[in-house]
Amino acid sequence: MMSESEARPTNFIRQIIDADLDSGKHKSVHTRFPPEPNGYLHIGHAKSICLNFGIAQDYQGQCNLRFDDTNPEKEDIEYVESIKNDVNWLGFDWSGEICYSSNYFDKLYGFAVELINKGLAYVDELSPEQMREYRGNLTEPGKPSPYRDRSVAENLELFEKMKNGEVEEGIMSLRAKIDMASSFMVLRDPVIYRVRFATHHQTGDKWCIYPMYDFTHCISDALEGITHSICTLEFQDNRRLYDWVLDNITIDCQPRQYEFSRLNLEYTVMSKRKLNQLVTDNLVSGWDDPRMPTVSGLRRRGFTSASIREFCKRIGVTKQENTIEMSSLESCIRDDLNENAPRAMAVLDPVKIVIENFTGDTEVLTVSNHPNNSEMGTREVPFTREIWIEREDFREEANKKYKRLVLGKEVRLRGAYVIKAERIEKDAEGNITTIFCSYDNETLGVNPSDGRKVKGVIHWVSADAGLPAEIRLYDRLFTVANPAAADDFVTVINPESLTVLNGFVEPSLKVAEAEKAFQFERIGYFCVDSKDSSAEKLVFNRTVGLRDTWAKMGE
């Protein structure tokens, strides 16, 4: 049995936390997961969820779920609910009530007034284009706005007008007065408030000025008593603004921000803007399309929460930016389902077999649900005179390497008997329509008594009792490993990312619940689609194949 220290992952953030606790800097750990509710969570967010909530669990601390909801035009209660569901599904609970940055709008306004009174914020009337021009660039310092030296009284009056709805959008903004010559662009008098006449999903029409993320985030952390504010590397420079705000307002708590590398995954995109475009342009069926990297999309495809947590554990937490191969994610779900998914049989491209010497009624066979786990029990599988097999599992002629059914030769049916292909029937186009076979009724669970060798084993489904099913084969959404690098990422969408087949599954699957996973023997891992499947129309999604196919795709 692993000790607690062996069971815990280790990384540089946990080392910082250990040092803070050992030194007495903090008596306990308080983290947070602060998504903006402007889209569905993706697997990159799952990494942050596992990190922040995992730290709170391991250190017996707290982790808040906080919605950084300062942009009402792009946010929606639909996204709030989906995020809550995703966090719970991944196996985590937040501490106390859900937090919203909008809960702090009154206090944030007060802190903005404090900065004005200290001469550290001013109301600017530069247009966005002028502001960009005045800001300079990485090689040239910015120049001060002509409104930078307004008096405190004038700034207070104008900011009050902004709050009261007396100023149109885009005419005025409140900027922090820091350093227009700073080598860090984020410190060149950033905007901290702007006018927006938009209804907010939490506060309604109470406010028409909204704080910017960089101003809101650090103050929300402080108000909630966050000890370790963990975010991705793109916010590394923003830490200077994070610290500046907290250093210049009257607030008790002074959290520290720490950055780690975000998750980049091959053959997909993580940008919410790009993901939203895929949805709004109907290039996918929705945020939960099984080809999407969203948590809901992965869940619908058949990924388990345990497999995603294991993936996040395997890739670790570092400051090194890298791109993870899709095979790494798929290996986690393959390992999970290989151990935990019951087996079943399905035929995706059926051709009929007639067993001519089978003359009795339906024979009910007892088949194991898992070859290595007897506790999963058994199921009843009907064996009938007519069955379906995969079209690719039969050839009229084949070499010795082909271990399936060949005309004039034998093969074993999984969990059933040995059959021999005697003759075939074709249609006018030359396609095989029926394979006529004989069976050895003394080979159920045993080898032929005369010692003849039958090497191949194929799966099958009763033609009389099998259930028609729609089988959705999902592939990578893009044809290139880094679609974000394309001039237009839409042009590299994989036109073959979804193939829909109509096949047959064994009758035991009729009562399978939504999201239930199975290994379709010899094919791959599939799950019951959570939206479209019903008792009248079964729909299964391929989660992953039995073997890694990504190495071949990369060649």
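Each residue, glycine too, has its Cβ placed from N, Cα and C.
According to Swiss-Prot, the feature ATP binding site maps to 36-38, 42-48, T232, 262-263, 270-272, an assignment based on sequence analysis. In sequence order, L263, L265, M270, P293, T294, V295, L298, I308, F311, L329 are the residues of the chain that are 6 or more apart from I43 (ATP binding site) and have a CB within less than 8 Å of its CB.
For D68, Y213, the entry in Swiss-Prot reads L-glutamine binding site, with the evidence type sequence analysis. Y213 (L-glutamine binding site) falls within a helix when secondary structure is assigned with DSSP.
For the motif ''HIGH' region' (35-45), the model gives a mean pLDDT of 97. According to Swiss-Prot, the motif ''HIGH' region' annotation covers 35-45.
Sequence-remote contacts of a segment are chain residues at least 6 beyond its ends whose Cβ falls under 8 Å from one of its Cβ atoms, and for the motif ''KMSKS' region' (269-273) they are 38-39, 42-44, 262-263, 293, 478, 483-484, 489. Residues annotated as motif ''KMSKS' region' in Swiss-Prot, with sequence analysis given as evidence: 269-273.
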In whole Å, how far is N38 (ATP binding site) from Y213 (L-glutamine binding site) when you measure between their Cα atoms? 13
Whole-number answer please: how many Å between the C-alpha atoms of E36 (ATP binding site) and D68 (L-glutamine binding site)? 5
What three-state class does DSSP give K47 (ATP binding site)? helix
Could you give the number of helix, strand and coil residues in the motif ''KMSKS' region' (269-273) as assigned by DSSP? 2 helix, 0 strand, 3 coil
Among the binding-site residues listed here, E36, D68, which has the most company in the form of other Cβ atoms within 10 Å of its Cβ? D68
Alpha-carbon distance [D68 (L-glutamine binding site); K47 (ATP binding site)] in Å: 18
Compute the C-alpha separation of N38 (ATP binding site) from D68 (L-glutamine binding site), stating it in Å without decimals. 10
